[in-house]
Amino acid sequence: MSRGWGRLQAVAVSGSVAEGLLLTLLPLVLVTITDDPREVSSVYVVGQSPWLLLSLFAGVLIDRVRRRTVLVSACLVQVAAAAVLAVAATTGALSLALIVAVAFVVTTAQVLSHGVMGAMLPEVVDDLEAANARLMVIDQGVVRFLVPPSAGLLVGWGFGLPAGLAVAAAAAATVLALGLPSRAVVRSASHPVRDIAEGLRYLLGNRLLISITIAVALGSFAASAEVSLFVLYAKDVLGLGAVGYGVLLGCMALGWAVCSPVVSRAIARMGYARSMRVAQVGMVVGHLGFVVLPPWAWAIGVLMFAQSGIVLLWNVCSMSSRQRFTPTALLGRVLTSHRALAWGFAPLGALAGGFIADHWSLRAVWAMAAAVQVVALLVCLWQVSVGAFARAERVAVQGRRPGSLSWGAV
């Protein structure tokens with residue numbers, strides 16, 4: 001592990017603290033303004049739209065501009081979003097329109113930072129599975145295990161305090177990012193649209209990678225329907241307040257942290273194909289748990305803990321596959337093309353969730369999510385196999401990425 005890897009982790013920690021504070025704070029602010037499921041889910045739709053609207057252009061930036069510069073810019077965007085929210089909360093200027101705008105900007109920073117860190121990772125580590133698990137835990141686990149409950153407690157002193165802390169954390173990430181090593185990039189005279197098309201062609205032409213993208217798209221549709229309304233589920237079904245909501249998010253994050261050390265070993269033992277199929281089955285069961293379990297907060301917390309470990313297993317396999325089978329010059333565009341195609345379904349899922357909750361019930365949203373996840377499972381059973389991984393290895397234009405890899409049994 002290189003010195004650059006240590007600094008990249010430090011940037012991820014600081015950035016995730018800021019991101020975790022903002023993502024916990026925004027829905028808590030929102031429910032003080034409205035409890036209409038359609039309005040709540042609409043804010044989520046707008047907040048997630050940069051994944052669809054901006055991802056492809058972000059990929060061109062990542063491949064054509066020094067990646068350190070892109071990461072620093074993403075951190076500065078996060079600083080700006082947190083500062084606006086802090087000032088509005090302190091001055092009493094919070095409104096639905098402002099929350100929508102901040103949510104959009106926060107996700108814009110995510111599009112840039114997540115894409116560029118994924119592209120930088122193969123430059124600083126060989127063991128992609130372990131490194132991806134570590135970064136995902138930093139993003140979703142250890143940091144957010146601490147941040148959501150803390151944010152829930154800090155809200156007791158007003159929304160301005162956690163927003164101000166988000167400003168400080170994002171500023172720290174900016175300073176740390178300035179010290180990262182940065183490789184020169186190949187300048188391109190081609191039009192950005194042509195560059196985007198090149199990345200899309202590579203992704204669409206690889207049967208394994210596009211099958212994984214389709215499965216992720218279906219999963220993001222299902223998950224977004226749930227996530228956009230989870231604050232209402234915690235409030236109306238479980239009867240929890242801000243602190244309880246934060247603790248539930250902490251249960252999910254704790255699952256990431258606990259499972260992280262064993263994920264790379266599980267992949268080595270089962271192989272990619274079996275690991276990804278097992279993860280899909282686990283996600284279906286997780287969605288159904290919200291439908292069949294009684295409204296006991298402790299039971300939902302245990303379910304979220306277990307489900308997060310399954311999601312981590314899938315995410316590590318998914319990300320590492322793209323990194324291993326994509327040449328460095330295309331990696332930014334392939335990663336962001338995947339996110340655009342996959343996470344572009346997130347706003348549609350949020351809209352569907354709002355409609356179902358408004359016409360039926362909150363639990364019906366989780367039933368719909370389980371049905372969609374079953375389709376993703378079928379895609380994996382059909383296309384994500386040992387043979388598919390072997391074919392992807394053969395067609396990779398720059399050969400296999402560093403490090404040993406087990407395709408595993410069908």
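Just so it is clear, glycine is given a Cβ too, placed from its N, Cα and C backbone atoms.
Bear in mind that TrEMBL entries carry predicted annotations, made automatically and left uncurated.
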Inset, instruction - Please find, within the list 43-62, 283-302, the residue stretch that TrEMBL describes as transmembrane segment. - result: 43-62
Legend entry - Leading stretch by Cβ pairs under 8 Å, where the reference is the transmembrane segment (165-186) and the options are 12-31, 207-231, 237-259, 340-357, 363-384: 12-31
Inset, instruction - Find the member of 43-62, 237-259, 340-357, 363-384 that has more C-beta pairs under 8 Å to the transmembrane segment (207-231) than any other listed stretch. - result: 340-357
Legend entry - Recorded stretch that, among 237-259, 340-357, 363-384, has the most CB pairs under 8 Å to the transmembrane segment (43-62): 340-357
Legend entry - Within-chain partners of the transmembrane segment (237-259) [C-beta distance under 8 Å, separation at least 6 from its ends]: 24, 28, 136-137, 140-146, 148-153, 155-156, 231, 295-297, 300-302, 304-309, 312-313, 362-363
